[in-house]
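Asker: In case it helps, TrEMBL gives these features for our protein:
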- 312-480: domain 'DNA primase large subunit C-terminal' (DOMAIN)
- Cys322, Cys401, Cys417, Cys457: [4Fe-4S] cluster binding site (BINDING)
Amino acid sequence: MEIVKPQWKKPSPSANDAVSTLPLYRSAPSLEVRLEDFELYAIDRLRVLKGISDGLSRGKRPEEMEKLVKDLWKANMRHPLQSEVTNKDIISHFVLRLVYCRTEELRKWFLSNEIALFRYRFQLLSLEAQRLLMAEFDLPYKPVTTAEFEGVKEKLQLVARSIGLSKPTASDIFYKVPFEEVPELVAGRRVFIYKGYAYVAMTQVVSLVATQFRGLLSKALVLTNSLTLNILCLQKVDIYHQRTREGSPNSRGSWKPYAQAIWVLTSLRFFVTLYKLISVVFRSHGQVNHEEYGSHPSQPKEFAEVSIKDIDQVAKSSFPPCMRHLFEKLREDHHLKHGGRMQLGLFLKGVGLKLDDALAFWKAEFSQKVGAERFDKEYAYSIRHNYGREGKRTDYTPYSCQKIISSTPGVGDHHGCPYRHFSEENLRAALGRMGVNSGALENVMDKVQNRHYQLACTLTFESIHGSSHDAGINHPNQYFSDSQKIFKSKWSAALSNLMLCSPLLCSCGKSWPQALSLEACVSVPQIFKSRGRSSLKTIPLDKENLWATDSTFTYIGLCNGKDGRISNGKPKIGWLEDILRGI
């Protein structure tokens with residue numbers, strides 16, 4: 001596939017007709033595509049794949065998924081020119097293949113959802129179209145003969161009855177294939193196996209075709225990943241250099257100036273477009289790269305950095321279960337093994353804990369167990385290494401949900417995913433301590449039993465925060481940032497409810513709404529009027545972290561002459577409720 005600047009050039013009808021309505025994406029087409037379409041097509045297909053992923057994670061039934069895929073495809077993959085629909089399909093696939101080949105986790109996600117999309121599209125084809133597509137795989141399997149069918153007829157009927165299918169007859173088509181070619185059917189006990197061969201009905205052949213397609217796409221993703229962009233760029237520059245040489249004595253083999261300028265601009269636009277797509281993909285998966293969760297010191301962060309004095313507060317309010325468990329075990333035992341230190345340490349780095357604070361935090365805990373001198377010798381180096389200050393200076397990023405779920409904690413380890421690695425009793429107890437109500441807890445445990453661990457975490461998030469989370473939880477740092485967004489919005493809403501009188505001035509000279517912003521003053525004396533009563537409040541504010549701090553505020557009830565002091569041990573959103581009750 002060649003990326004060029006000229007306007008869209010339609011392929012010849014013969015070339016277009018040769019492409020199946022459900023392509024196998026064996027090789028990139030020789031098409032010219034505008035950079036605008038390069039980006040838009042990829043985004044449209046990404047919406048389809050993300051919708052499929054969300055539907056599967058929420059446990060939608062097969063018939064619901066079939067309707068969802070139809071709606072997603074119709075809404076996002078249409079084209080004003082009907083003849084270009086297939087081209088959009090092919091181009092968008094290869095663009096996303098280029099983007100998703102970057103990491104093992106991204107390849108797995110892309111592969112699983114492309115397979116799901118392929119399956120549902122295959123099932124919508126006519127019987128003849130399905131046979132033609134099977135022929136493209138050049139499979140060596142032939143339909144079972146009538147004589148062979150009669151020999152296993154009763155067994156096939158038993159299998160069909162057990163899975164709710166109609167009774168097979170001699171006119172039905174069955175394929176005799178090695179059982180390892182259809183692991184999905186074997187795992188679900190939905191196929192008859194005899195002497196190492198599975199008898200696959202035509203209505204089940206989608207599993208066989210999907211397995212073949214998975215193998216093709218998996219190899220293609222690995223191959224794409226091995227071809228670096230630098231090599232591709234050098235090859236294209238060399239080709240273009242050969243094509244634009246001039247034979248005149250004045251040029252002496254040099255590029256035409258305008259040709260060189262056009263190539264440079266086009267290359268820059270291409271890489272900028274590709275980078276934008278990569279950024280979109282990382283954000284859509286809640287993945288952490290240098291632009292997210294404060295992993296790069298030059299990047300602005302949405303929330304203030306977490307300091308040591310705030311860490312206990314935010315751990316209770318916004319840490320996901322996996323990190324909260326590690327944090328509590330660290331506070332309890334003053335030690336974590338390597339896996340736990342890596343999982344929690346990189347998470348804390350992602351939420352904004354600076355290197356100096358991280359060293360102080362870990363030293364304060366470990367020194368109680370191993371002593372300060374041993375900590376400096378054996379543990380401090382690995383912390384600096386995680387922050388890119390030692391060794392090969394790699395700026396390591398926090399672990400994603402997939403990486404944590406796939407880990408294998410040993411005896412005495414506390415890392416991993418609670419939904420996968422905890423016993424049912426321990427998981428129920430942990431979620432109960434976090435504040436998950438009984439109704440939501442049963443839904444969470446149901447998802448755990450069905451191995452939908454990320455969906456279970458999403459339900460936990462929704463129960464604790466009292467807010468839906470349609471995107472789903474894909475990363476511990478995403479859990480934290482989304483939690484903080486909710487608390488921040490509640491904080492803003494509570495502040496707006498407190499604006500019950502005309503603006504008065506803080507001791508710093510600002511109006512009180514300004515004083516309550518993140519520019520925070522030391523204190524904000526303010527008179528609030530509500531229902532004929534007045535109260536004087538002095539609210540100490542933390543200059544660095546307004547959203548989570550230990551605070552004490554004094555209110556004087558002018559209506560009854562009583563004084564009172566309330567000590568706050570919760571995030572600030574908690575003492576807003578106390579203020580409202582005081583009024």
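Heads up, the Cβ atoms here are built off N, Cα and C, so glycines get one too.
TrEMBL does not curate its annotations; it predicts them automatically.
Can you tell me where each of these features sits in this structure?
Answerer: Long-range Cβ neighbours of Cys457 ([4Fe-4S] cluster binding site) (same chain, at least 6 residues apart, Cβ-Cβ under 8 Å): Pro320, Pro321, Cys401, Tyr419, Ile473, Tyr479.
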Asker: With an 8 Å cut-off on Cβ distance to the Cys322, Cys401, Cys417, Cys457 Cβ center, who else from the chain surrounds the [4Fe-4S] cluster site?
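Answerer: In sequence order, the nearby non-listed residues are Pro320, Pro321, Ile404, Ile405, Pro418, Tyr419, Arg420, Tyr453, Gln454, Ile473, Pro476.
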Asker: With H, G and I counted as helix, E and B as strand and the rest as coil, say where DSSP puts Cys401 ([4Fe-4S] cluster binding site).
Answerer: helix
Asker: Let me know the DSSP-derived helix, strand or coil state of Cys457 ([4Fe-4S] cluster binding site), please.
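Answerer: Where Cys457 ([4Fe-4S] cluster binding site) sits, the three-state DSSP reduction gives helix.
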Asker: Do any residues at least six apart in sequence from Cys417 ([4Fe-4S] cluster binding site), in the same chain, have a Cβ closer than 8 Å to its Cβ, and if so which, in order?
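Answerer: In sequence order, Cys322, Cys401, Ile404, Ile405, Ser407, Tyr453 meet the Cβ cut-off.
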Asker: Can you check what DSSP calls Cys417 ([4Fe-4S] cluster binding site), collapsed to helix, strand or coil?
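Answerer: Going by the DSSP assignment, Cys417 ([4Fe-4S] cluster binding site) belongs to neither helix nor strand, so it counts as coil.
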Asker: 10 Å Cβ neighbour count around Cys322 ([4Fe-4S] cluster binding site)?
Answerer: 27
